[in-house]
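What TrEMBL records for this protein:
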COMPBIAS  132-141  compositional bias 'Polar residues'
COMPBIAS  144-154  compositional bias 'Basic residues'
DOMAIN    11-81  domain 'H15'
REGION    75-163  region 'Disordered'
Amino acid sequence: MATEFVNKTQTHLEYPEMIYEALDALQQKEGSNKSSISKYIESKYGILNDTHSKLLTYHLDRMKQTGELIFLKNNYIKPGPNVPPKRGRGRPPKPKTTLQQDTEIAAPKPRGRPKKDPNEPPTPKKLKPTIVPSNLANPVSKTGRPRGRPRKVKPQPAQNGVE
């Protein structure tokens with residue numbers, strides 16, 4: 001059991017080195033994808049254990065998060081001076097220009113509804129005309145029709161003289 005633990009830790013420590021070795025050996029300009037890295041490792045080190053693909057994925061993700069590798073267009077690349085800059089989502093940020101010391105910064109344009117003038121007299125309130133409804137239970141709107149859903153009409157029984 002102790003030998004299994006030693007073997008597992010050795011493979012964990014060797015995976016980043018094997019990945020770097022595969023990237024160096026493949027020497028592709030745009031970088032190498034995960035399947036080509038995996039095929040190179042399997043061809044060099046023979047048949048690995050069943051967890052090889054999981055370990056490779058884990059180490060590639062960890063190296064990507066720590067900045068040891070750059071993931072660009074589904075390819076892994078070693079960081080370097082000739083690697084294109086990593087772009088986030090959307091447009092790249094605008095380059096910042098330095099302001100001269102004698103330049104005055106204008107106040108930003110105010111947003112939202114303008115403030116009321118405290119010196120202005122209050123505006124008079126508009127009065128609504130009072131309508132006295134004739135039937136308080138069923139008030140009539142401006143159009144003359146009653147408000148709300150109309151009442152359900154009960155059907156009249158047919159009277160055709162037959163009893």
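Cβ coordinates come from backbone N, Cα and C, glycine included.
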PLDDT averaged over the residues of the domain 'H15' (11-81): 84
Residues in the domain 'H15' (11-81) grouped by DSSP into helix, strand and remaining coil: 43 helix, 7 strand, 21 coil
Secondary structure content of the compositional bias 'Basic residues' (144-154), with strand meaning DSSP E or B: 0 helix, 1 strand, 10 coil
